[in-house]
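Trainee: So TrEMBL lists the following for this protein:
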DOMAIN    B:3-248  domain 'Thiazole synthase ThiG'
ACT_SITE  B:Lys96  active site, schiff-base intermediate with DXP
BINDING   B:Gly157, B:Ala183, B:Gly184, B:Asn205, B:Thr206  1-deoxy-D-xylulose 5-phosphate binding site
Amino acid sequence: MKLIVNEKEVTVPDSVTVVKDLLHHFELTDRVVMVEQNQEVIDHSAHTVQPVKEGDQFQLVQFVGGG
Amino acid sequence: MLKIGSKSFSSRLLLGTGKYPDFHSQKKAVEVSEADILTFSVRKMDIFDKDQPNLLQELERSDYTLLPNTAGAATAEEAVQTARLARASGLCDMVKVEIIGCSKTLLPDPVETLKACEMLLEEGFIVLPYTSDDVVLARRLEELGCHAIMPGASPIGSGQGIINPLNLQWIIEQSSVPVIVDAGIGSPSDAAIAMELGADAVLLNTAVSGAKDPIKMALAMKKAIEAGRLGFEAGRIPKKTHATASSPSTGMIHS
């Protein structure tokens, strides 16, 4: 399945069906990651149920140092 | 105690976590500052380079309240989306509204700031706007329902200190929500003066992260803010245009 993640086209296995699988695929499950899918913000509590579909556009963001 | 919305904090220093020379000094400065509230920015991850050290991963998160900022947003809509993303972490419900309207001065855009605050308040955020030291704008932000007002002492990262103490004093006098002096602090004495003016807290970043020794400066800022607050509570003497002896004027030995 092809997706756009942070402006890059990526191919993920078909086993990726929900957001949590996507984070697992990128080895991000132990990090604080916030997810935007097709411009919609996905709450962390929905990561296990929010479906991932062909062509979806994701932004994966994090907290970084800032003032 | 500093009270913002329904939350109470023992430290009156809010510390920014940006632009430290290295990860060790960032972590250590946070520790010695004894700040309860730490600011962060929200940025895209490099999904192919995940091994960069990240302060948030190293902190005992239950010890701190995260205050994400909306830095990078140029419009109210962008700021709101950044705030929503931050809250989607499940780690915070406070947001520092920061919408820059001028790339030279980094002064905030008052119109977009006001609009963003209104939208965020409707969505149930605890809203702390970074604003200029405009007295009327500060009042309008409070009337909207903002939970604190954060006027700049001087432009972000300038280290100019408090360039308009009169405006800050007016904002402090009129506000019934906490006033947190944010931006422009350069030295511990700047922070102490902000507190002596009656500010409820000080938010600073570059003054610590850009210091020769950020860890020592974090400690200095903590002490300065405590001293300034104590001085404010103790009530300073009025400034006079004449001298008054502090030793007794009777019983002189050489009379």
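Heads up, the Cβ atoms here are built off N, Cα and C, so glycines get one too.
All annotation found in TrEMBL is predicted automatically rather than curated by experts.
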Trainee: Which binding-site residues among B:Gly184, B:Asn205, B:Thr206 have a Cβ sitting under 8 Å from any chain A Cβ?
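Mentor: Listed binding-site residues passing the 8 Å Cβ cut to A: B:Asn205, B:Thr206.
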Trainee: Round to a whole number and give the Cα-to-Cα distance in Å for the pair B:Thr206 (1-deoxy-D-xylulose 5-phosphate binding site) and the residue listed as 'active site, schiff-base intermediate with DXP'.
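Mentor: One finds 17 Å between the Cα atoms of these residues.
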Trainee: Mind checking which of B:Asn205, B:Thr206 has the fewest other CB atoms within 10 A of its CB? They're the binding-site residues.
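Mentor: Output over binding-site residues B:Asn205, B:Thr206: least Cβ neighbours within 10 Å is B:Thr206.
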Trainee: Within the domain 'Thiazole synthase ThiG' (B:3-248), what mean pLDDT does the predicted structure show?
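Mentor: Here the mean pLDDT over the domain 'Thiazole synthase ThiG' (B:3-248) amounts to 96.
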Trainee: Under a criterion of Cβ-Cβ distance under 8 Å and sequence separation of at least 6, what residues of the same chain contact B:Ala183 (1-deoxy-D-xylulose 5-phosphate binding site)?
Mentor: B:Tyr130, B:Gly152, B:Ala153, B:Ser154, B:Pro155, B:Ile156, B:Gly157, B:Leu203, B:Leu204
Trainee: Measure from the CA atom of B:Lys96 (active site, schiff-base intermediate with DXP) to the CA atom of B:Asn205 (1-deoxy-D-xylulose 5-phosphate binding site) and give the result in Å, rounded to a whole number.
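Mentor: B:Lys96 (active site, schiff-base intermediate with DXP) has its Cα 14 Å from the Cα of B:Asn205 (1-deoxy-D-xylulose 5-phosphate binding site).
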Trainee: Between the recorded positions B:Lys96, B:Gly157, B:Gly184, whose Cβ has more other Cβ atoms within 10 Å than any of the rest?
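Mentor: That would be B:Lys96, with the highest Cβ count within 10 Å.
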